[in-house]
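Features as listed in Swiss-Prot:
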- 48-232: domain 'Glutamine amidotransferase type-1' (DOMAIN)
- Cys112: active site, for GATase activity (ACT_SITE)
- His198: active site, for GATase activity (ACT_SITE)
- Glu200: active site, for GATase activity (ACT_SITE)
Amino acid sequence: MTVKKIAILYTDEDNEWSKPWGNFVDMAIKLLEQTRKLECIAEDVEYEVFHVQKNVFPQLSDLQKDEYLGIYITGSKYDSFDNEIEWIMKLRSFLNEMLTSKTEYPPVAGICFGHQVIAAALGSSVGRNPKGFEGGVVSLKLNSVGQKLFGAQELNLSEVHSDCVFDVPEGYQNWASSEKCQNQGFYRQNRVLTFQGHPEFNSDVAQKGLLKSQDKLTLEEFNRYERQCQELDNNGIQAARNIWRLFLQKI
């Protein structure tokens, strides 16, 4: 029996600030393994990492094979809308080809930068958030789409971002908003689920990410976000169960 694969597109270098918890791939695999067990998926899964920030991409023809269950795009410190860095421009073209083609490809989950670069690839406007940096553990208000997807009115997710997506790609639905970010995630049935937040970050990681970006906030904002890291339940694992449901084409 062929072991099914998840293709992880790693869009960053290893960061010193997150080192105690590993890099974004380490945290992604830990999250996917935790949620795989919660979803009672007994089959073994292989995680195949592609260092796209080093211009290492999967072949589109390979992704059409049945061995791939899904594609996971990590977060990154880079700008998804950059027009000078080769691999970012190549990634947008790669995603546009995959997501607009009539050919069937595995479902795609995008995290933070992954959320933004998917939107940019589909023609949405992405840039610096005029409302500023959003970080720590943030409460998201779910709309009717999000409530149906996640079975809740609100979700608390880790966030570390200064960029945002300004409009929803055609054929997709936004599922949540926050005080500073109107489009917190996109959904297309059986195809795409994105998170502006980081479901793979526990609250300690979120707090460390907040600390490294303290200079982007007023003291009042920083203190409020820091309190939220300590007081709000982090629903990252609960939310990420839907990544597996997407990969299995149950949502």
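Every residue, even glycine, has its Cβ placed from backbone N, Cα and C.
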Just the number: how many Å between the Cα atoms of Cys112 (active site, for GATase activity) and Glu200 (active site, for GATase activity)?
11
So what's the average pLDDT for the domain 'Glutamine amidotransferase type-1' (48-232)?
96
What is the total of other Cβ atoms whose distance to the Cβ of His198 (active site, for GATase activity) is within 10 Å?
25
